[in-house]
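S.K.: So that we are looking at the same thing, I have put the structure below in structure tokens.
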Amino acid sequence: MARLVLKFGGTSVGDVDRIRNVARHVKREVDAGHHVAVVVSAMAGKTNELVGWCRAASPIHDAREYDAVVASGEQVTAGLLAITLQQMGINARSWQGWQIPIRTDGSHGAARIQEIDAAEIVRRFDEEQQVAVVAGFQGIAPDNRIATLGRGGSDTSAVAIAAAIAADRCDIYTDVDGVYTTDPRIEPKARRMARISFEEMLEMASLGAKVLQVRSVELAMVHKVRTFVRSSFEDPDAPGMGDFDNPPGTLICDEDEIVEQQVVTGIAYSRDEAQISLRRVEDRPGVAAAIFGPLADAGVNVDMIVQNISESGDATDMTFTVPAGDLQKATAILEKAKAEMRYDSLQSESGLTKVSVIGIGMRSHTGVAATAFKALAARGINIKAITTSEIKISILIDGDYTELAVRALHGVYGLDKA
Ligand code: ADP
Ligand code: ASP
Ligand code: MG
């Protein structure tokens with residue numbers, strides 16, 4: 001007998017029929033004698049609708065009330081799944097974040113889980129064979145109000161609960177059957193990986209592959225949670241679906257569990273990037289701090305930073321990216337502080353995409369970046385900025401070329417070949 005966490009994303013619980021299918025996955029594991037906690041997302045599209053309603057009510061709104069609104073989607077699916085399980089003869093009970101409780105910090109809208117008291121859930125496993133159906137994406141903040149964990153946060157709820165109950169496995173069921181070499185919606189030739197290392201998955205997620213929320217990968221890595229990404233759409237009773245050690249899907253694991261390491265593992269992309277250039281910024285110590293300090297204070301996430309020395313040598317151009325949604329806020333801050341920052345002019349551009357090449361093998365191989373640049377050049381794609389780290393290269397391009405660039409990079413590293 002084992003303890004399992006099963007998480008189902010929005011498409012997997014998109015209507016009552018799909019919830020019934022989810023219940024069959026749960027039943028399979030219960031029938032095998034396992035103790036199960038299920039984490040559910042809101043129905044597909046629901047969270048977007050709720051966010052839209054908050055914005056329609058007021059473009060600028062109280063984050064605590066935003067949380068009160070957007071957390072409701074998961075409350076509905078948790079209740080519906082508990083009803084469905086009960087109807088199938090399975091003892092099940094739904095839980096909202098505050099009922100467990102899942103305690104978070106006070107950053108409403110993007111809260112981090114701090115502590116989970118799973119004692120009651122475990123007691124009900126042992127004494128009542130009861131399935132816990134937990135509303136994902138939410139917890140309770142120090143002000144005793146509902147807090148949500150940022151978009152995609154149900155993945156994080158699932159891994160955090162798995163860590164709290166010392167689960168043997170955490171299965172993230174979604175609308176694809178694993179983690180692919182790139183988004184299979186953009187590149188049909190993408191291949192599913194049997195395994196991917198925590199570090200690479202962390203980079204893939206933070207560079208745009210939304211199959212897992214970044215924080216869930218961090219938690220899985222720190223707490224050594226055995227996490228699989230798998231499909232909810234396969235027949236719950238097909239052969240192998242209940243395999244305990246090797247379920248179908250992708251295992252996120254330590255680097256040393258991967259036998260054949262590729263140089264490049266995957267390609268990620270993130271749309272809706274914007275670029276800001278400050279022309280002729282005075283070249284003196286402290287200037288970067290003067291620019292990026294106020295942006296950080298306002299919660300603007302600055303990413304790729306490029307600094308060029310101007311011809312005369314006394315001034316510099318500072319170019320950087322921010323999420324397109326933060327462009328207005330960033331521009332307003334920079335214009336307000338123009339006198340202090342001492343720059344000549346500000347230019348901005350939105351509609352950009354960051355494409356990234358990821359692979360642990362880059363640590364020991366040269367020429368990976370040059371290959372990417374050549375592949376993009378051959379297709380006439382202009383590069384606007386580049387950043388690199390030990391295991392990734394990110395390139396900023398015009399958003400219109402996203403698909404072309406992703407496919408070109410995927411092909412040039414042979415990721416479409418087994
Ligand atoms: P859920 O609602 O189940 O949480 P998401 O939409 O958040 O599902 O994440 C699954 C989606 O992630 C897939 O439909 C796929 O388009 C996208 N995706 C992006 N990159 C990858 C990748 N490398 N491997 C698999 N899926 C990816
Ligand atoms: N429903 C939330 C969202 O759409 C959380 C999740 O699905 O993971 O972001
Ligand atoms: Mg998701």
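Using the three backbone atoms N, Cα and C, a Cβ is placed for every residue, glycine included.
These came from TrEMBL, pasted as-is:
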BINDING   K7, F8, G9, G10, T174, D175, Y180, R185, K210, V211  ATP binding site
BINDING   T47, E74  substrate binding site
DOMAIN    276-360  domain 'ACT'
S.K.: If you count the other Cβ atoms within 10 Å of each Cβ, which of the binding-site residues K7, K210 comes out on top?
M.R.: K7
S.K.: With DSSP helix as H/G/I and strand as E/B, how many residues of the domain 'ACT' (276-360) fall in helix, strand and coil?
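M.R.: Going by DSSP assignments, the domain 'ACT' (276-360) contains 29 helix, 35 strand, 21 coil.
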S.K.: Listed binding-site residues are T47, T174, Y180, K210; which sit with C-beta under 6 angstroms of ligand 2?
M.R.: T47
S.K.: What is the total of other Cβ atoms whose distance to the Cβ of E74 (substrate binding site) is within 10 Å?
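M.R.: Cβ-Cβ neighbours of E74 (substrate binding site) within 10 Å number 30.
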S.K.: Using C-alpha atoms only, work out the spacing between K7 (ATP binding site) and T47 (substrate binding site) and round it to an integer in Å.
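M.R.: It is 17 Å, counting Cα to Cα.
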S.K.: Of K7, T47, E74, which binding-site residues come close to ligand 1, meaning Cβ under 6 Å from one of its atoms?
M.R.: none
S.K.: Measure from the Cα of T47 (substrate binding site) to the Cα of every one of the binding-site residues G9, T174, Y180, K210, then give the nearest.
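M.R.: If we rank G9, T174, Y180, K210 by Cα distance to T47 (substrate binding site), first place goes to G9.
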S.K.: Provide the three-state secondary structure of T174 (ATP binding site) computed with DSSP.
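M.R.: Where T174 (ATP binding site) sits, the three-state DSSP reduction gives strand.
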S.K.: Near ligand 3, which of the binding-site residues show up if the criterion is a Cβ under 6 Å from one of its atoms? Options: G9, T47, E74.
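M.R.: Listed by sequence, the hits are G9.
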